[in-house]
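> Pasting the relevant annotations from Swiss-Prot:
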| type | residues | note |
| --- | --- | --- |
| BINDING | C15, C51, C80 | [4Fe-4S] cluster 1 binding site |
| BINDING | C148, C152, C155 | [4Fe-4S] cluster 2 binding site |
| DOMAIN | 6-116 | domain 'MTTase N-terminal' |
| DOMAIN | 134-375 | domain 'Radical SAM core' |
| DOMAIN | 378-446 | domain 'TRAM' |
Amino acid sequence: MTSSLPNIGFISLGCPKNLVDSERILTELRSDGYNIIPSYENADLVIVNTCGFIDSAVQESLEAIGEALEENGKVIVTGCLGAKEDRIREVHPKVLEVTGPHSYEAVMQQVHKYVPKPAYNPYVNLVPKQGVKLTPKHYAYLKISEGCDHRCTFCIIPSMRGDLDSRSITQVLDEAKRLVEAGVKEILVVSQDTSAYALDRSKEEQNKTVFWNGMPIKNNLISLCEQLGKLGVWVRLHYVYPYPHVDQLIPLMAEGKILPYLDIPLQHASPKILKAMKRPGSIERTLERIKKWREICPDLTLRSTFIVGFPGESEEDFQLLLDFLKEALLDRVGCFKFSPVEGAIATEMPDQVPEEVKEARFHRFMQLQQEISAARLQQKVGKVFTVLVDEVDEEGIIARSIADAPEIDGVVYIDNPNRVAVKAGQFIEVKITRADAYDLYASLIN
């Protein structure tokens, strides 16, 4: 049935936001009747959706483009690195076309140009109403906005993806409903700046009452989360910038409407470094808020990311960061050594930190946080949790608790000696038997 259809090869690189863009393009391709294949060999055209956030990601994208050109020869480039067409063509002048991020229509026009759209076939053009998804069937990313209004000095995202542009709340909720109807058990809300949702709209628009499913709602983040919480699935928030109104989300978590999980990138704890980064600078206020959040929602899991070795970071600045970790006792933490990014203000700042110092600070940071994370997980031993199954194999079951986002957090390894019938996407009850620095181990509760 599909052998005569034109074949499109597809490579998706980068973060979950880019993954959502890839899903959108793949959905359009399938709707137009193209066959998606995982290899270069038999492809009539290859699309590479690139990442350009840091220099290592740029290099990975350029290598992927080069490999596609070498193996196939007909390549269209899109995504974040596509915003720097000159950079791409300097290395790979033979690419057919280049577009920037979220340029779905342009990508499809280019595909039609080089590989004409096949005749409509109702059996082939049929696409699930939730669209093509690259994640397992039981979870999906829901992108609520594009771009960012912040100008952090280490970041070039606004130059590639533009200023904040929020989707309408009814559009977001319609997509979420389709995902749930398709069997999704966990929705992961993503954007460049999730807590800024709808702040690009006027006050009048934000306060305007709209109707969804017959219910009056406001066009803001709190209303969005309240409605998502009524869909009967796990709802997890990522990339939450620490605006004051984030405090209003915590009661929703305490009430079980959305998962008690906040992915809130703090980046540093030194006021001097935060100012240089153009990030919120009151770390004392942040600690006060964390304490209050945990009082309201004791089960709250806090994830954050930090940068060590930022230009001008002294040993004193770094010690402030370590002191913050000891006091905040965050559950999940990612750490990155500052990486110069072409076009970022911080790349040109004076007092660049030597690589060996960055490396040493990174290891000191990770060693401390590993001890904190291990102690936090140890507190869960002996307790009973509901977990969502990701995989089942001969060795047992791999699942995640409400504290574990896919790909970036730990997992729960569950013994299943009696081969109890369990499948991916199922919620099960387990008792935690032990813990290490990142993962939990558990037994099934019949």
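The backbone N, Cα and C atoms fix where each Cβ goes, glycine too.
What does the local environment look like for each feature on the list?
The Cβ neighbour count for C51 ([4Fe-4S] cluster 1 binding site), using a 10 Å radius and every protein chain shown, is 22. Secondary structure at C51 ([4Fe-4S] cluster 1 binding site), as computed by DSSP, is coil.
According to DSSP, C148 ([4Fe-4S] cluster 2 binding site) is assigned to coil rather than to any helix or strand. In the structure as shown, the Cβ atom of C148 ([4Fe-4S] cluster 2 binding site) sits within 10 Å of 22 other Cβ atoms.
According to DSSP, the domain 'MTTase N-terminal' (6-116) comprises 55 helix, 22 strand, 34 coil.
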> Same chain, not part of C15, C51, C80: whose C-beta falls within 8 angstroms of the C-beta centre of the [4Fe-4S] cluster 1 site? Give them in sequence order.
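Near the [4Fe-4S] cluster 1 site, the remaining chain residues are L13, G14, K17, N18, T50, G52, F53, A57, G79, L81, P101.
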> Cα of C15 ([4Fe-4S] cluster 1 binding site) to Cα of C155 ([4Fe-4S] cluster 2 binding site): how many Å, rounded?
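C15 ([4Fe-4S] cluster 1 binding site) and C155 ([4Fe-4S] cluster 2 binding site) have their Cα atoms 14 Å apart.
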> Using the CB centroid of C148, C152, C155 as the [4Fe-4S] cluster 2 site centre, which other residues of the same chain sit with their CB within 8 A?
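Nearby residues not in the site list: H150, R151, F154, I156, I157, P158, Q192.
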> In which DSSP state, out of helix, strand and coil, do we find C155 ([4Fe-4S] cluster 2 binding site)?
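In three-state terms, C155 ([4Fe-4S] cluster 2 binding site) counts as coil.
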> Take the C-alpha atoms of C152 ([4Fe-4S] cluster 2 binding site) and C51 ([4Fe-4S] cluster 1 binding site) and report the distance between them in angstrom, rounded.
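About 18 Å separate the Cα atoms of these two residues.
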> Among the binding-site residues C80, C152, whose Cβ has the fewest other Cβ atoms within 10 Å?
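It is C152 that, of the binding-site residues C80, C152, has the fewest other Cβ atoms within 10 Å.
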